[in-house]
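Read through the structure below, which is laid out as structure tokens, and then see the notes.
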Amino acid sequence: MGEKPWQPLLQSFEKLSNCVQTHLSNFIGIKNTPPSSQSTIQNPIISLDSSPPIATNSSSLQKLPLKDKSTGPVTKEDLGRATWTFLHTLAAQYPEKPTRQQKKDVKELMTILSRMYPCRECADHFKEILRSNPAQAGSQEEFSQWLCHVHNTVNRSLGKLVFPCERVDARWGKLECEQKSCDLHGTSMDF
């Protein structure tokens, strides 16, 4: 065995870290620019390399707006919005012909959410909805439509407007991923 048997695993982890750093930089609006005299060197989150760390422009970090986000605890509304965004995005990426395991995973996820959701009142309501309307995950369309109807059930109980489920794909369509890397086809460590 080589001098560093963990090297391949750590290299994969470094690739993942770099990918996450790149996506976060893109998300918050930092451009990846080559180092200049105005840049300050900052340590990367993870590095296996002994070469100098990536340089970023500290002035660009200081000028980022906070986008009207409070610094207090997450509200029920924020949590709900984030959860629905995640679930609808998951449904949009769900395969048209899921495996038995994928169908089982969706149903388990819904059950786990109904037990572990941080808002107890919301979790109990979701549990009631699941009892009368179990998760449907036979295809991408079926899962997306089921989720839309469940979301509308929650919205009605909150006195909110309902969403026209025939427009669910237009609202929550596939992510824009290179080479369809976002599609649910199993697990991979290739980044």
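These residue numbers are counts, starting from 1, taken along the chain as shown.
Yeah, the Cβs are placed from backbone N, Cα and C, and that goes for glycine too.
Record check, Swiss-Prot: FAD site residues include Lys76, Arg81, Trp84, Glu121, His125, Cys148, His151, Asn152, Asn155, Lys160, and the candidate from Arg100, Arg171 also listed there is Arg171. Looking at 39-44, 63-68, 177-182, the range annotated in Swiss-Prot as motif 'Required for dimerization and substrate specificity' turns out to be 177-182.
When you check Swiss-Prot, the disulphide partner of Cys119 from the set Cys122, Cys165 turns out to be Cys122. Taking the C-alpha atom of Cys148 (disulfide bond) as reference, the shortest distance to any of the binding-site residues Lys76, His125, Arg171 belongs to Arg171. Secondary structure at Cys119 (disulfide bond), as computed by DSSP, is coil. Local packing around the Cβ, expressed as the count of other Cβ atoms within 10 angstroms, is greatest for Cys148 among the disulfide-bonded residues Cys119, Cys122, Cys148, Cys165. Fewest Cβ neighbours within 10 Å among the binding-site residues His125, His151, Arg171: that distinction goes to Arg171.
Here the Cβ of Lys76 (FAD binding site) has 11 other Cβ atoms within 10 Å, regardless of which shown protein chain they belong to. Within 10 Å of the C-beta of Asn155 (FAD binding site) we count 15 further C-beta atoms, all protein chains included.
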